[in-house]
Every structure is written in C-alpha cells, then in structure tokens.
Amino acid sequence: KECMTDGTVCYIHNHNDCCGSCLCSNGPIARPWEMMVGNCMCGPKA
C-alpha cells in the first residue's frame, strides 16, 4: 500500500497512511480537532 508523502494533509481517517508521522501544530490535546479540520500534515517520523 502506498504511503502519503511529507507535506500531504492527514486526517483522522488516514493519519496512519503517512510515510512518516502525521504532524499537527498545536500539540496532542488539540490533535483530534486539528486532524478533523485538516491542520495536520505528514512529516518525518517522530
């Protein structure tokens, strides 16, 4: 299965498809909300 390259927006339903990690700017507490609204991007493995 192909993974999503760095810089691809990742959401709750596909955040595990990033080649690296799904990175969100405002830390873990806001993460589910940020993933829902599309504020997270695939980036290097954390």
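Including glycine, each Cβ sits where the backbone N, Cα and C put it.
Swiss-Prot has this to say about the protein:
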| type | residues | note |
| --- | --- | --- |
| DISULFID | CYS3-CYS19 | disulfide bond |
| DISULFID | CYS10-CYS22 | disulfide bond |
| DISULFID | CYS18-CYS42 | disulfide bond |
| DISULFID | CYS24-CYS40 | disulfide bond |
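Of the listed disulfide-bonded residues CYS10, CYS19, CYS40, the Cβ environment within 10 Å is emptiest of other Cβ atoms at CYS19.
Cα to Cα, CYS24 (disulfide bond) and CYS42 (disulfide bond) are separated by 9 Å. Neighbour counts of Cβ atoms within 10 Å were compared across the disulfide-bonded residues CYS3, CYS42; the minimum falls on CYS3. Counting every protein chain shown, the number of other Cβ atoms lying within 10 Å of the Cβ of CYS18 (disulfide bond) is 21. The Cβ of CYS22 (disulfide bond) has CYS10, HIS15, ASN16, MET35, CYS40, MET41, CYS42, GLY43 as same-chain neighbours under 8 Å, each 6 or more residues away in sequence. In the three-state DSSP assignment, the secondary structure recorded for CYS18 (disulfide bond) is strand. DSSP gives CYS24 (disulfide bond) a strand state.
A sphere of 10 angstroms centred on the C-beta of CYS24 (disulfide bond) encloses 19 other C-beta atoms. Mapped onto three states, the DSSP output places CYS42 (disulfide bond) in strand. If you take the Cα of CYS18 (disulfide bond) and the Cα of CYS3 (disulfide bond), they are about 5 angstrom apart, rounded to a whole number.
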